[in-house]
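TrEMBL has this to say about the protein:
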TRANSMEM  104-122  transmembrane segment
TRANSMEM  134-155  transmembrane segment
TRANSMEM  167-187  transmembrane segment
DOMAIN    208-307  domain 'Rieske'
Amino acid sequence: MEETSNSINSRRRTLRETLGLGRRSLPDGLTERLQHLSALDRVTQGLAKGVRQVLPAGHPLRDLLHGVPTGHPLHPPLATVSLGCWTATAVLDVIDADPRATRAVLATGVMSALPTAAAGIADWSVLHREQQRVGFVHSLINLAALGLYTGSLWMRATGRHNAGRTMGFLGLAAAGVGGFLGGHLAYRMTAGPSHAETLTHLVPLGWHDLCRLWDLPDGRPVTRRLGYIQLFVLRHGAHVKVLADHCSHLAGPLHQGRLVLEKDEACVVCPWHGSVFRIEDGAVLHGPATAPQPAFEVNVRGDGVVQVRPRQS
Ligand code: FES
């Protein structure tokens, strides 16, 4: 028994060594290699640029696909519909359920994959290079899963039920690998979560002295540090507006962004991927960001000291 386990361990070591993964686990090593696979860049950069040309910053469809109207990314909930339907298909196949019910569930998964992919592609087009490499392979594998499930549906509809089931199981395996890479992209590479959410937790409650009013330039955003975090500070005359400086999308430096008027309201455009935030309260007017930018309340003391505290929602 001990000998068997030793031989399995030694085979695993050999595989890791062959793949050059060192002491990392197989999934960790493979995803890390994928992140650094610069050979994909020509394709990914070209495709991403094409998507951004078709759906430029501020385009209503692009905002919809990012999830701006709901304030939450659209791709993850849509993906759960496709994956849920495909998992249900496998269960129905295993218990030999009514073929019509199985086909209906499978068809729902196939149809929901189209808006899921559209939302994912919109998000993917405005990611960092390493994230785009992983996202590209994630989408290729999911495309293969979609092809297998479409084939499975066709086989079932034309009476070749067993072949349809086999293709369905192969599709589930592909969708599982695609889902794993999607999870890696979202949780390890933080392609989806708000990058500004944690910032206000680093600021103790209460008012904090930030700077002197007249040390701030008029009409030009600058940064000021408040403890661990960096703030975007904009003065207009005696009025000061303060937001967290790192963009909620991927932490771009907002103080380097353009100031614009959007619906008669002062906004800042993130210099990295063009998210537009209202300066008054950090609300998102255009994506890719979906989470608002943390805003701070400001108090200018009689002696000209600007004080800030996180805005209570
Ligand atoms: S970092 Fe992407 S829009 Fe700001």
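Backbone N, Cα and C atoms are what each Cβ position is placed from, and that goes for glycine too.
As a summary of secondary structure, the domain 'Rieske' (208-307) carries 6 helix, 52 strand, 42 coil according to DSSP.
Long-range neighbours of the transmembrane segment (134-155) within the same chain, counting only residues 6 or more positions beyond its ends whose Cβ lies under 8 Å from a Cβ of the stretch, are 31, 34-35, 40, 43-44, 47, 86, 89, 103, 106-107, 109-110, 113, 117, 120-121, 124, 127, 161, 163-165, 167-168, 170-172, 174-175, 177-178, 181-182, 184-185, 189, 191. Residues belonging to the domain 'Rieske' (208-307) score a mean pLDDT of 94 in the model.
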